[in-house]
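Undergrad: One structure coming up, written as structure tokens, with questions to follow.
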Amino acid sequence: MVFKNHSVWRKVAMKDNGFVDWTSLPDDAMIQLFSLLNYDDRANLSATCKAWRIVGASKCLWTSLDLRGYKFNITMAVSLSPRCVNLQQVRFRGAESADAINHLNAMNLRDISGDSITDDTLTMLVSRHEDLRCIQVGPDDKVTSGSIKAIAFYCPKLKQLRLSGIKDVLADSINALANYCPNLVDIGFIDCLNVDGVALGHVLSVRFLSVAGTSNMKWDVASHVWCKLPELIGLDVSRTDISSTAVSMLLSSSRSLKVLCALNCPVLEQDITVNTVKTEGKLLLGLFSDIRNVFSDWGCSNEIMTWLKWILSHTLLRIAKSSPQNLDYFWLKQGVALFLSLLQCSQEDVQEMAASGLATCIFANEGNAIIDPGKAEAVVKNGGVPLLLDLAKSWQEGIQSAATKAISNLSADPNAAKTVSDEGGIGIFIKLARSKNRHVSEAATGGLWNLSVGEEHKAAITEAGGIKTLVDIISDWSSDADGVLECSAGALANLAANKKYSTEIAIAGGVQSLATLINNCKFRGVQEQATRGLVNLAAHSVRNGPNAREAGALEALIQLTCSPHEGVRQVAAGALWHLSLTSVNREAIAAAGGVEALVTLAQSSSNSSQCLQGMVAGALWGLSMSKANSIVIGREGGIPPLIVFAHSDSHDVHEVAAGALWNLAFDHSNVFQIVEEGGIPVLARLCSSSESRKARFMAALALAYICYGRTNEFARTGTSSENTSKSVSLDEARTTALKHIEAFILTFSDPQAFAAAVSLPFTLILSCRVCIEAEIGRFIAMLRSSSSILKAFAAFALLQFTDPQGRNAVYHASLMLDAGAVKVLRAAAASANEPIEVKIFAKIVLRNLEYHQQETLYLV
């Protein structure tokens, strides 16, 4: 909590023993302190002691309520009702909140503002609060003209009525206002479909009128009637199809009119005669005029200026939300500056709308989450960041939320993000993220999400306690706060991309929080970001793996493979792929049913995006490094979808699918299924034509395994007739496979291609194998094959294991020596009947083995 003049109050509360007794402060000082707190903090502070409970219940602290950021229902309204005797102003959002207001028993209510209200609720509300002076409702298409009649009948003291989003505002309703509301001076029928313009001419008390965004207005008739209104001094026709003729009529014929606001009126702006309209000394505001200096250069009463600032902030906000494509120049030249000027206004609702407008207009276009760098630069250059940060500290949560949202959006621009960070924005975001107001917390966590994209900001977020705050938020908020949870999980996911901060997140309990979030919240965005966080946590540290398993992360990820959202399934499969790269995690995933779940996902992903197919194939590739998992994948039907993926035009997809089929082909029980499902032609195509060298090599490895020895062994497991048909099928497959393996080997017959053959990618493929000893043994045995093609390929593979530049080459060499590889290699190298490729590859492997022996002796 930050209070102005807190040092003075501290001295007043200071006792002789040096301790501070805050309860000794005078009641008026404590009431001032309480007035600077939001409702939640007031309630918490009131609960600390009897004295403060009495102060916290003071009726002067409860003259206004802003409920928009809270879940407000009838139960809460009943609990607050004893304090609301003097309540005069309430702002709400949502149908549930609107229904609950009637239970506050606020008989002195003067001002209501909200949305999502029905006819019945609004009628009941005004019937119980006849002292209402100001009503602002909308946008609401559920409110009808009948409610306007009810307002007129029950609110004779009404001064201001602003309704938006109503379909029809009929003559009898407007006439009722004219007859029963003699003090009504400010009327706004905004974004309505039909408004009876003639009837508005009967409301003789009106001084300020807005029909902005209203359709189907008969301007020739309306302008003729309105110019006769005796008290009309301010008129807003922005975002309508008003003509220059109607504008000229109003300006020239109305004796009382002083300002006409016509922003974003296409018909008017396209009329080349608009600049010749005589204003008769009155103010005409449009996108074609210079609005920036109107606050300082145009002398008018405070009453007019108060109304004009509201109209400008509201209209500019509506224009920003509609994102017209041709207004970029306006925003850069005037719009941003206007918003910044309105931010410094003393009217709280104007400040809030200006901050919201600024948060919206800086986007490049509608539906695009990219910030326009020019607009962001304009905000920064004109001092917008410190101004917004100062407003974010306001005790008024509406302003606080809007200002924080604007800073959050600015933080998505790298240059603006640096300014936000330099001005202390990270600390402010972290403090506001703890707010109990959903909108404030969402805006603040969104800012941390945007800033955490940049590596340069991650350290500052962590040092300021951001990780613990984000983890706590995920634990504290219920699953219905989708925005807060998505932003918090997104920020943690970004931080977890760095190994250092990944470890800190795991220590802070982030793994468990994200796993619990995945299980409890079904909102797509939340699941995607939480899963992405687990992916990054799993990718960096072996330490994070066990934590993930203990926290139930595996179960959560496996469950998400059945999500109805493809993006969620994709991220979940990617996370399991990362986790499957360690043997301990492979066992845990299998024990939790992950192998079967991924096979099911693969079977349903034939027509899915290439990204999802690649992630699923990658996860099955990782899991198939275990022999037990390999058998389960084959048994559960994982081979057919992998063959489909291997046929993909995307090398990212067919590369991992080839890797999975290579692993599966190591086990003889899968071989015939690969052949029967048409795997040979697909692998052969990859082996010969894939743009990925890794895919070609792994396809060749799979074909070699299929060809070597195991085919006959598998065929003997069936009946005689079955064996005959299988043998024919396998013989044909063997012939096709050998042909493409030979073609693969021959591509390395020239020196340049051979140099590429012993380069790092091939070496890494074999170095990452789990069963290295069995793999090497397989290739040594293959050197004794009757097929010279398989011999050449075996020597080529062993060459990769022993490449002096490869990882673990010394260890691989020792395994080969123990397995008796030297004798077999020498025989192959010396044979007069072997092809030249077999001899060359065998000799190079022998040379490598000798090199590694000498290196070992040297080290000893």
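Glycine too: its Cβ is placed from the backbone N, Cα and C atoms.
Automatic, uncurated: that is what TrEMBL annotation is.
Annotated domain 'F-box' per TrEMBL: 19-65, in sequence order. Annotation comment: TrEMBL describes 383-425, 424-466, 465-510, 552-594, 593-638, 637-679 as repeat 'ARM'.
Thinking about packing and proximity, how do these listed features fit into the structure?
TA: Secondary structure of the domain 'F-box' (19-65) per DSSP, as helix, strand and coil residue counts: 31 helix, 3 strand, 13 coil.
If you look at the repeat 'ARM' (383-425), the same-chain residues 6 or more away from its ends with a CB under 8 A from one of its CBs are 2, 35-38, 66, 68-69, 91, 336, 340, 343-344, 348-349, 351-353, 355-356, 358-359, 362-363, 369-371, 373, 376-377, 432, 435, 437, 439-440, 443-444, 446-447, 450-451, 453-454, 456-457, 460.
For the repeat 'ARM' (552-594), the mean pLDDT of the prediction comes to 86.
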Undergrad: For the repeat 'ARM' (637-679), jot down how many residues DSSP puts in helix, in strand and in coil.
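TA: Taking the repeat 'ARM' (637-679) as a whole: 33 helix, 0 strand, 10 coil.
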Undergrad: With a Cβ cut-off under 8 Å, give me the same-chain residues at least six positions beyond the ends of the repeat 'ARM' (552-594) that come close to it.
TA: 511-512, 514-516, 518-519, 524, 527-528, 531-532, 534-535, 538-539, 542, 545-546, 600-601, 605, 608-609, 611-612, 615-616, 618-619, 621-623, 625-626, 628-629, 632, 770
Undergrad: When DSSP states are grouped into helix, strand and coil, how many residues of the repeat 'ARM' (465-510) land in each?
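TA: For the repeat 'ARM' (465-510), the helix, strand and coil counts are 36 helix, 0 strand, 10 coil.
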Undergrad: Give me the DSSP three-state residue breakdown of the repeat 'ARM' (552-594), ordered helix, strand, coil.
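TA: Result for the repeat 'ARM' (552-594), in helix, strand, coil order: 32 helix, 0 strand, 11 coil.
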